[in-house]
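I have placed the structure first, in the form of structure tokens, so that the comments after it can refer back to it.
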Amino acid sequence: MEPIKNIPRLCRTLGYEFNEKAFLDQALTHRSASNKHNERLEFLGDSILSIVISDALYHQFPAATEGDLSRMRATLVCGKMLAEIAIEFKLGDYLKLGPGELKSGGFRRESILADAVEAIIGAIYLDSDIENCRQLVLNWYESRLKVIEPINQKDPKTLLQEYLQKYRKPLPVYRVAHTEGDAHEQTFTVECIVEDLSQAVVGVASSRRKAEQSAAAQVLELIKK
């Protein structure tokens, strides 16, 4: 486990000065490094992020349907987007990781970076209040909220299903072919089977849902050629 570096610089990047540095310390601590890790803060931050982004989208798009709002929110709060924010903050430089995670490059892993962003949101909430969280999250997401649109936010599984239904084809079948790793860091291999392709298409990701989306995206590319 490495010591946390240059916390004042991180606070300036986040736009928030902690009253209780212990909250930030815990938010940056992965379960591989200590029993006092960031998973409970991540749980809290995930809920706060969801309500802040939901509220912002609700007011920004008064004519959008519930489905459009849900898809835009899913795009904005997904692990990939959170990891992008973490990279902008150079969050990997500050994470506390156990020896195994350090050796395997955990400070670059999308899931660890995304979880840390949510944990920091939870830490800020406990250190201040929901309004501070709201303003900070909106600041972090300002450029992303400016460009998000109700169109083209459907996930690959939805797009694939709609495409197949349009041409009266059977719906895809998803099957978990393989899982590996510990419970908290599993890798899922999922097969997507469609009538028009002779072989199943494989998606690999850190969750079953993400692996299914990856496989669906590949199938779409293949059948539209």
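Just so it is clear, glycine is given a Cβ too, placed from its N, Cα and C backbone atoms.
A quick note: this is a predicted structure, and the numbers were derived from the prediction, not measured.
For reference, Swiss-Prot has these:
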ACT_SITE  D46  active site
ACT_SITE  E118  active site
BINDING   E42, D115, E118  Mg(2+) binding site
DOMAIN    7-129  domain 'RNase III'
DOMAIN    155-225  domain 'DRBM'
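Across the fold, the C-alpha of D46 (active site) and the C-alpha of D115 (Mg(2+) binding site) stand 9 Å from each other.
Within the same chain, the residues at least 6 positions away from D115 (Mg(2+) binding site) whose Cβ sits under 8 Å from its Cβ are N38, E39, E42, listed in sequence order.
Most buried of the recorded positions E42, D46, E118, judged by other Cβ atoms within 10 Å, is E118. Apart from the site residues E42, D115, E118, the chain places the Cβ of N38, E39, L41, F43, G45, D46, L82, A114, A116, V117, A119, G122 no farther than 8 Å from the centroid of the site's Cβ atoms, the recorded Mg(2+) location. Here the domain 'RNase III' (7-129) has, by DSSP, the following mix of helix, strand and coil residues: 88 helix, 2 strand, 33 coil. Shown for the domain 'DRBM' (155-225): DSSP residue counts in helix, strand and coil, namely 30 helix, 20 strand, 21 coil.
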